[in-house]
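Novice: Annotations for this protein, taken from TrEMBL, read as follows:
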REGION    B:1-23  region 'Disordered'
TRANSMEM  B:38-55  transmembrane segment
TRANSMEM  B:67-86  transmembrane segment
TRANSMEM  B:92-112  transmembrane segment
TRANSMEM  B:119-140  transmembrane segment
TRANSMEM  B:146-170  transmembrane segment
TRANSMEM  B:191-215  transmembrane segment
TRANSMEM  B:235-254  transmembrane segment
TRANSMEM  B:266-285  transmembrane segment
TRANSMEM  B:291-311  transmembrane segment
TRANSMEM  B:318-337  transmembrane segment
Amino acid sequence: MLAHNPVSPSTAAAEAARDTHTGASELRLDGVTKSYPGVQALKGVSFSVARGSIHALAGQNGAGKSTLVKILSGAESPDNGTIRLGGELQRFRDPMDAQRAGIHTIYQELSLVPSLSVAENIFLGQLPRRAGAFVDWQRMQAEARTALDRVGFHLDVRRPVGSYSTAEQQAVELAKALHKDARVLLLDEPTSTLPLPDVERLFTVLRSLSEQGVTLLYISHRMDELFSLCDAVTVLRDGVNAADLKTANSKPADVVTAMVGKSLEGSIADAALRGERSPSLGSGPRERVILSARDLSEQGYVENVTFELREGEVLGISGLIGSGQSELAGLIAGARRRTSGEIRVDGKAVDFRAPRDAIRRGVGLLPQDRKAAGFIPDMGVAGNITLASLPQFSRLSVIQSRRERNVAGDMVARLGMKVSGVHQPLKTLSGGTQQKAILARWLVRQSRILVCDEPTRGVDVGAKEDMYELIREFAQAGGTVVVASSEITEAMMCDRVLVMARGKVVAELDHDDIDPSGNAILERFA
Amino acid sequence: MSRTLSSLPPTSGAPSPSPSSSISSRLRGSALRALPKSYLILVLLAIIAVGYYVSDDFLTFRNAENVITAASIVVVLAIGQYFVILTGGIDLSVGSVLAMSTVITALTLQAGMPAGASVVFVLICCAVAGLINGILVVWLNIPPFIATLAMMSAVKGFSYIIQSTSLIEIRNQWIIEAFSRGSFLGIRNPVLIFIIVAVVAALVAKYTTFGRSLYAIGGNPEASRLSGLPVARNLIITYTISGVLAGLAGLIAASQLRQGSSLIGVGYELDAIAAVVVGGASLMGGKGDPLNAVIGVFILTTIINIMNLVGISSEPQLVIKGAVIILAVFLSSAGGVQRISGFFSKRFPRTRAA
């Protein structure tokens, strides 16, 4: 990697002195503050990013990351403090201002127009003209190809963007930024929606961009990414930079400790981070088979899967994204329809035509895409928690409001949800709290089998730990859990793991069969 | 499995956010909840004040009675529309169903059917029209806008066919008494009907599992399905209710006009939709309050009434009505209040720095 700029919480003067004889500082923030009515989101953030480096920005939800992104991208202006780009003082009035200065932001949700061609997307808002009025298609396509070459992708620039995969669309977004002469690229959790092989490819692209002198500010929750990709990390906590570390001489545990403000020693996430064997979440299976599947198939997604789920165990279904683990979870929870095969609950064959059939048998689903399938955004915490149990919370279909409020209050306290009241709309809460509310929905429904589809996607480190703890508690109380996940560390926490590839179960491993680095699972993905 | 519940430790960081943030978010939460409603009532009061100022006849008992009676038909339609919009749908067929209701009422009475039986028959017919809407939307997966647009046309054509003459007079005194002229405890029957419908709607929306499920379906249909709510069934019921309420509004209209005609109620569906959105509901679904839809009707009806009193002709009336709809929606649901206050805090930042 290029010039490692040592960024430490030392005085600004010392830092400036160092800048002169190492890589120059491309982006530099000094004492940036921002408050919203009632909340001070940033209380003084100062750090500097060396030109051509890959600099990570880490922090839990609510630490101020998203506010900082908004400020750097020009969507919001800081109350106090300065932003310098290549030494020049900047004041962005709007996102166009920031882009003109050379700061481009690539959000998790890509801002492309799916129905327009790749070339048109790259040139959006500044189509090259010929004779004043006509679009110069040839020049546009040629330049689009050049821009894509810089990110190492070769796509048909005439095809609509929507026909390409997420990874390819991301490349288009990168090419678009490069075409507009981006000096600094802000990447907001770019890998959260990418399958593993594409993540590697993206990293290769990012490294080559940094070698070309583009400065990258990389926002992510994932420690392995920070350490394999980035040169330095700035950790935000409660609106200040809690730590500025060089990745070369620090450990993932240092970053996590700075993020949560306390040592995670002995916790599940810590064990996983240190590459140790994770303790099992479950209390071990009992004899009784609670659910079984035989030759279960959904055409095109899941093929002839047979397994038994024992009461009290935590069963992992592991696979790369798109290997069918998510679909299998959906089949068990009645969210998807099987095309053939059989599911039995308590030994009796069942026909799950809709989620309510599975719910009635005691199966609850924690869906993968929380926003699209998990909760009702404008409804309060209490309403979301009792959503699957309305008949139990009503008499003659009149909702018993006080009982609902009490039970929701209990859940909020037990699961440690950070809310201002049980009627706070769920959309105003953090991802982790939303996930807990959905879990609470199944606890209140007294579900026996909890099916979790990627339970910690888009959830920060602290909330991740909470989720694992809750799954563990659910299992210890006699509940049974299925965890479908593309994260190896999560599979390693299960009592038993079904490894899936291309819709089939290719291996079944016991917790003890899995080595600390998860190779036993990884090598079966191929 | 109550073990699962009780075994979870009651500790692990009970909700104790910093007091400042909790108070401010609570304040903001309650303010947001109260704002649309209070603004609507303020808008209505402002309009009434204007009416009082510009016309001596406005604040009279007789005129108030006229406004309220005129509003009753649209209120009943708007409440049905409200539930459909709450689920994220729309019902364009209510005007036609209302017309069909007047025609069937007139026809059955003319044929000598007893008034009570006629009422029941009319409501069943309109329920079937709503049921078909629901089935088109749920089972055939046709977008509500298109399904109900098609029904609007089909029902209108059907009314023409069964009507066969230009209009059919209604002479049955029982019907006229029950839905138009009669009164109970000094309240005219149509007003009584809309008050009952509005109160029942408000209670259903707020306190029943059905109401709750409509908010959920409108807010996130997939999450509702995965939570086991009877999404398909409740959607069909909602469209059926809208049909029945359009039929009820048709009974009121038929009794007031003493005739049945397929030309009655043209454009009423748009008045109902306008009232619902003026009342702060989102066309995306999942938000709103049926009583606000009622206030929305009164805002629009009162403005028309004032313009009639001061002698503004009907063409400028339409323009002004359009402007009022835009203004009310901007203030109540399009975030106009926040944007205006944001504008001022940006222009005069000194107040915050001090």
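Any Cβ shown, glycine's included, is placed from N, Cα and C.
Keep in mind that TrEMBL annotations are predicted by a computer and have not been checked by a curator.
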Novice: Using Cβ atoms and a strict cutoff of less than 8 Å, what residues sit near the transmembrane segment (B:146-170) while being 6 or more residues removed from its termini?
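Specialist: Apart from its flanks, the transmembrane segment (B:146-170) reaches 89-93, 95-97, 99-100, 103-107, 109-110, 129, 132-133, 136-137, 140, 176, 254-255, 258-263, 269.
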Novice: Looking at B:119-140, B:266-285, B:291-311, which one has the highest count of Cβ pairs under 8 angstroms to the transmembrane segment (B:38-55)?
Specialist: B:291-311
Novice: Residues of the same chain, at least six outside the transmembrane segment (B:67-86), with any C-beta under 8 angstroms of its C-beta?
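Specialist: Counting only partners 6 or more residues beyond its ends, the transmembrane segment (B:67-86) has Cβ contacts under 8 Å with 94-95, 98, 144, 188, 190-191, 193-194, 197-198, 201, 205, 214-215, 218, 238-239, 241-246, 248-249, 252-253, 256, 268-269, 271-273, 275-277, 279, 281-283, 285-288, 290, 293-294, 296-298, 300-302, 305.
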Novice: Cβ pairs under 8 Å with the transmembrane segment (B:235-254): which stretch of B:92-112, B:119-140, B:266-285, B:291-311 has the most?
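Specialist: It is B:119-140 that shares the most Cβ pairs under 8 Å with the transmembrane segment (B:235-254).
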Novice: Which range out of B:92-112, B:119-140, B:266-285, B:291-311 gives the transmembrane segment (B:191-215) the most CB pairs under 8 Å?
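Specialist: Selected stretch: B:291-311, with the most Cβ pairs under 8 Å.
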Novice: Under 8 Å between C-beta atoms and at least six residues away from its ends: which parts of the chain pack against the transmembrane segment (B:291-311)?
Specialist: 36-37, 40-41, 43-44, 47-48, 50-51, 54-55, 57-58, 63, 66-67, 70-71, 74-75, 78-79, 81-82, 194, 198, 202, 271-272, 274-281, 317, 320-321, 324-325, 328, 332
